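Asks: Got a structure here, written out as structure tokens. Questions coming.
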Amino acid sequence: MVAVSTAGPRATGAIPGSGARGSRPDSRGSGLDARGSGLASSNAKRTLALVIALAVLASTVLLSIFVGARAIAPEVVWESLLGSRATEEHVMVLDLRIPHTVVGLVVGPALGLCGALIQAFTRNPLADPGLLGVNAGASFVVTLAVGIFGFTAPGQYVWFALIGAFLATMLVYAMGSVGGGKATPLALTLAGVAISAVLGGFTSAIVLKNIDALNVTRFWGVGSIGGRSMEVVLTCLPLIVLGVLTVCVGGIYLAWLLVHEQVTKKGRQ
């Protein structure tokens, strides 16, 4: 007679499914490893891109100082950088090339920060100061300052540009919030286009009647750095520092807003 054991898994000390569980790979651990490697790869790419961008920027700065409309020997440029004003070429490097380069280094990042801040706050990746009427407001008030008050120096009308940009921004936001609702990206864009068209028409009407306003507005509107001195940089630097601080504070607010939005979406799901 063959004895058949009726002892179950408990009698034999075995745990049901223990073999299957033991043979399964740790999917959580592999997922974390994949995320970690992906994050490291992304950080490495960003670091490499930053290094390349800084190298290109340094090369551009050197070219801007050493190369110009008039050929100047490299040793003369080096002497100018050391403070020499012995010849006309030294003065040209110190009073023209270096200020132009510094203006470009200061204004370029400021424009980039402005665009990034507008895109972040409006949640519109296509938004820019021109689309939302900021440039039109600044241009209109600068034209008024030149045509009515006779201010022609950049250090004078830059404050009017700031006032015009601020007023245009407030007007666009007010129009985008008409009806008591929240200002959506589409509403802000439509309001900005409308404000730009109206203020652009007023600006054109003024410059057609005032030749000084035409010359200043045309030169200022194209964003030329020609004829700019270090005084312009010193005048605009406090405004740029204020803008950088605004971006830093706004970045904290936007990060909190993004986290809150993601948590809200997960809660609804």
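Any Cβ shown, glycine's included, is placed from N, Cα and C.
TrEMBL: automatically predicted annotations, no manual curation.
Just so it is clear, the model here is predicted, and its values are computed rather than measured.
Sharing the record's features from TrEMBL:
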- 1-39: region 'Disordered' (REGION)
- 48-73: transmembrane segment (TRANSMEM)
- 98-118: transmembrane segment (TRANSMEM)
- 130-151: transmembrane segment (TRANSMEM)
- 157-174: transmembrane segment (TRANSMEM)
- 186-208: transmembrane segment (TRANSMEM)
- 232-259: transmembrane segment (TRANSMEM)
Asks: When you scan the chain for residues with a C-beta under 8 Å from the transmembrane segment (157-174), skipping those not six or more beyond its ends, what do you find?
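Replies: Hits for the transmembrane segment (157-174): 129, 132-142, 144-146, 151, 183, 188, 191-192, 195, 199, 216, 220, 232, 235-236, 239.
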Asks: Under 8 Å between C-beta atoms and at least six residues away from its ends: which parts of the chain pack against the transmembrane segment (48-73)?
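Replies: Non-local partners: 81, 89, 92-93, 96-98, 100-101, 104-105.
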